[in-house]
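The following features are taken from Swiss-Prot:
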{"type": "COMPBIAS", "residues": "131-143", "note": "compositional bias 'Acidic residues'"}
{"type": "COMPBIAS", "residues": "146-160", "note": "compositional bias 'Low complexity'"}
{"type": "COMPBIAS", "residues": "166-186", "note": "compositional bias 'Basic and acidic residues'"}
{"type": "COMPBIAS", "residues": "220-238", "note": "compositional bias 'Low complexity'"}
{"type": "COMPBIAS", "residues": "239-254", "note": "compositional bias 'Polar residues'"}
{"type": "DOMAIN", "residues": "26-123", "note": "domain 'HPt'"}
{"type": "MOD_RES", "residues": "65", "note": "phosphohistidine"}
{"type": "REGION", "residues": "124-254", "note": "region 'Disordered'"}
């Protein structure tokens with residue numbers, strides 16, 4: 001509404017100081033944000049003038065609104081106020097009244113652009129290009145070291161290995177021999193292929209004992225039987241059992 005812009009234009013160009021918040025390491029105003037604002041105003045300011053010349057009320061509303069919105073986003077109070085006044089008069093079908101504030105808007109924009117340009121130049125001068133506090137590359141980091149279990153340190157930023165700047169060498173050596181325990185032996189250890197013969201003893205059964213005994217006892221039994229038969233022939237009273245030739249011979253084992 002027009003009543004919102006009846007007062008004088010604010011003398012303060014921004015509603016806050018343009019600065020960087022170092023405590024949190026984050027920028028309140030990034031260069032990208034400032035460049036985006038400048039590009040937006042540089043685009044819409046000439047288009048607003050063209051709309052005035054073409055008596056394009058709708059176009060004037062559009063471009064003045066865009067300038068006001070981007071100025072409000074970064075707290076550019078003076079430009080926001082003048083562009084908002086132009087938008088309000090355009091919406092009220094007062095194109096000529098709105099056009100009368102264009103020179104003031106252009107003046108405020110030029111002053112703001114100068115402030116932003118000086119701000120960036122001073123930043124580059126004091127802190128170096130790229131926005132880092134030490135003037136160096138933000139992506140460049142100090143070499144870091146890791147400690148191994150044996151107390152030795154490892155440089156993780158050694159670029160000699162070509163592996164992304166992290167050549168980690170673990171020096172684990174034997175205290176007595178000084179040999180690196182991580183190195184594999186170049187001569188492979190042969191596998192043990194010669195096996196010692198193993199003798200397995202199994203218990204013998206009764207039949208095994210019979211099979212392995214010498215026939216001496218059997219021979220003695222045979223001789224004893226012959227003697228008994230001869231005694232029977234001589235008239236002795238002892239009798240020998242008659243066995244069939246087909247019946248198996250029984251052998252008593254004790």
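Backbone N, Cα and C atoms are what each Cβ position is placed from, and that goes for glycine too.
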| Across all chains shown, how many C-beta atoms besides its own are within 10 angstroms of the C-beta of residue 65 (phosphohistidine)? | 18
| remark: What DSSP reports for the domain 'HPt' (26-123) is 82 helix, 2 strand, 14 coil
